[in-house]
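One structure below.
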Amino acid sequence: MTDSTYDVARVRTYLQGLQTRIADALGALDGTPLATDTWQRGPAERLRGGGCTRILEGGRVFERAGIGFSDVAGDALPPSASAARPQLAGRGFEALGVSLVLHPRNPYCPTVHMNVRMLIATKPGEAPVFWFGGGMDLTPVYGFEDDARHFHQTCKDALDPFGIELYPRFKQWCDEYFFLKHRNETRGIGGIFFDDFSEPGFERSFDLMQSVGDAFLHAYLPIVERRAELPYGERERDFQAYRRGRYVEFNLVFDRGTLFGLQSGGRTESILMSMPPVANWRYNWQPEPGSAEARLYSDFLVPRDWV
């Protein structure tokens, strides 16, 4: 985070285009266009700036699909952003990014999350400090090994041009980040996660972020197309709602992006669009031994080398 030469306008243009491309692809797949909610912060609010939320609820394929773009600025980095960088505490900041969470209707079709972002910390009389972050991760209710391999291979292909050491590094980071400590289980089968990234300078770091963003549809759409029409019943929907409870727990307790948004006075509707439309909890529930539900825990909710 030492190179202070950057181009926010190019990053903004890319992110807005990425949101549109993904929203158009999801709307075409579902048969229902995503609604558009453009928003702007008021002059008396803690944050300045605005954004655009693309949202689909009650669709044929997606029970909820939300893709948010935001570009906001504030007077002081929130604790979730400066905890690992105490030297930046109290600096002004600009944060822009695209974040999405898709909750399919069919329990055999996995939930997915993707985010790409840039942050700039500023202080009068000192050079700005920028960094990139992002990644994508897959959260199946019923695990399929070919889906996991495809998702991870696509992530690896997106990173390999920037160094073959990055995929294993970002995969491990993802496995460690998306972990529910109080449950002692991973949120899903992982993917890639990175933060505080500016080592190669602006151009190369921006290229990497674009490669991750551009890989998302290739990583996820083939899985949806394979699984969205599989038959299912009440048992599968009940287990889906139970597993979605874990998603809620992670997002509200651990997720850095959710905490950043809430701590900085972000737009609550956009921050919480990642929540599943239906979730439930059961006291001390255990899957039936040998069942497909049990196999999720034994074979998929543990870190594995998928490629």
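Glycine is treated like the rest: Cβ placed from N, Cα and C.
The annotation active site, proton donor is assigned in Swiss-Prot to H113 on the grounds of sequence analysis. Taken from Swiss-Prot, the feature substrate binding site applies to S99, N115, V116, R117, G265, G266, R267. Feature annotation from Swiss-Prot assigns divalent metal cation binding site to H103, H113, H152, H182; the stated evidence is sequence analysis. Per Swiss-Prot, region 'Important for dimerization' is recorded for 247-282, and the stated evidence type is sequence analysis. Per Swiss-Prot, site 'Important for dimerization' is recorded for H182.
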### Query
Which of the recorded positions H113, H152, H182 has its Cα nearest to the Cα of R267 (substrate binding site)?
H113
### Task
Select the closest residue to G266 (substrate binding site) from the following recorded positions, measuring between CA atoms: H103, H113, H152, H182.
H113
### Message
Tell me the Cα distance separating H152 (divalent metal cation binding site) from R117 (substrate binding site), rounded to the nearest angstrom.
### Response
21
#### Entry: G265 (substrate binding site) CB neighbourhood, other CB atoms within 10 A
14
### Summary
G265 (substrate binding site) to H113 (active site, proton donor), Cα to Cα, whole Å, comes out at 22
### Summary
Running the recorded positions H113, N115, V116 through a 10 angstrom C-alpha radius around H103 (divalent metal cation binding site) leaves H113
### Query
Restricting the comparison to the recorded positions S99, H113, N115, V116, which residue's C-alpha is spatially nearest the C-alpha of H152 (divalent metal cation binding site)?
H113
### Helix-strand-coil residue split for the region 'Important for dimerization' (247-282), DSSP-based
22 helix, 0 strand, 14 coil
## Note on the structure
For V116 (substrate binding site) and H182 (divalent metal cation binding site), the CA-to-CA distance in whole Å is 27
### Query
Which of H103, R267 has the fewest nearby Cβ atoms, counting only those within 10 Å, among these binding-site residues?
R267
### Query
What does DSSP assign R117 (substrate binding site), in three states?
strand
### In three-state DSSP terms, the structure that H152 (divalent metal cation binding site) belongs to
helix
### Task
Between the residue listed as 'active site, proton donor' and S99 (substrate binding site), find the distance joining the two CA atoms and give it rounded to the nearest Å.
8
